[in-house]
Amino acid sequence: VTPWVAEFWNTLTSFLCIFPPLFFFCQAVPRVVGVIPWMYPLLSFVMFGSVCFHGTLSFLGQLLDEIPIMIFVSMSFSVLLDSFTLESKGSRTSWAPGPRVLAAISITQVTLLTYLYVARAKIYAVFIASVVVQALGHWPIVFAELNGRLKSERAPLFRMLAKHVALGYGGYGLWCLEHAFCDDLRFVQLHAWWHILATLSLKPFIDLLLFQRLHALGLRPSYRPTLCGFGPSVFVSED
């Protein structure tokens with residue numbers, strides 16, 4: 001399409017996907033939830049890295065794409081686990097590592113994986129395996145919450161999860177199809193659609209993290225999607 005951009009449609013969709021997370025971040029969110037709102041700017045940085053990679057197809061661009069993804073997945077897992085360990089009145093279970101330990105583990109993990117990827121192997125499996133394993137590790141905690149203290153709230157949480165799974169895993173399916181049959185599916189731009197669906201899928205997932213955190217803090221959250229789910233969705237009861 002253009003001689004100045006290596007992969008035009010993938011670069012364009014990555015660029016466009018920088019902005020929705022910033023819109024989500026600017027919406028009103030309770031300040032008691034710590035780092036959760038900052039996952040939106042991090043997601044924007046992921047898409048900026050994707051622009052760098054698809055626009056240049058350089059190894060540096062690839063690192064700018066993949067390192068923020070590892071940070072995002074590690075951060076979301078740490079937030080989910082930390083909220084899971086919260087008990088009444090802000091205390092934590094006896095085995096809880098706490099946010100500082102989880103942050104230290106996340107930083108160490110990302111640093112070591114980046115070192116292995118860059119200095120030793122340069123094997124894509126180092127990145128993709130770590131992301132897939134940690135992403136799958138979210139689900140046992142989610143199901144434990146749905147069958148535990150969030151059991152009475154399963155209806156709205158299932159709606160969040162349904163949106164996340166339909167958009168995110170549906171988009172991942174398109175990515176796999178494009179990867180396997182790129183020569184036959186060259187003009188349908190499935191990878192570009194994956195960028196859009198993946199970005200939109202993380203709004204309900206971050207809503208889930210927000211809802212879990214507020215509930216663990218005893219703040220009685222409710223789920224009322226606005227703007228077809230792309231406006232503020234999680235609210236704290238005033239009474």
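Every residue, even glycine, has its Cβ placed from backbone N, Cα and C.
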Which of HIS54, HIS138 shares the Zn(2+) site with HIS191, HIS195 in TrEMBL? The record says HIS54
Which range is transmembrane segment per TrEMBL? Of 98-117, 198-217, it is 98-117
For the transmembrane segment (12-30), the distant same-chain contacts (Cβ-Cβ under 8 Å, at least six residues beyond its ends) come to 36-38, 40-41, 43-44, 47-48, 50-51, 54, 192-193, 195-196, 199-200, 202-203, 206, 210, 214, 219, 230-232, 234, 236
Note: in the chain of HIS54 (Zn(2+) binding site), residues six or more apart in sequence with C-beta under 8 angstroms of its C-beta are VAL5, ALA6, GLU7, ASN10, THR11, SER14, GLY61
Smallest number of other CB atoms within 10 Å: among the binding-site residues HIS191, HIS195, that is HIS191
Near the transmembrane segment (98-117) in space but 6 or more residues beyond its ends, with Cβ under 8 Å, are 34, 63, 66-67, 70-71, 74-75, 78, 81-82, 92, 123, 126-127, 130
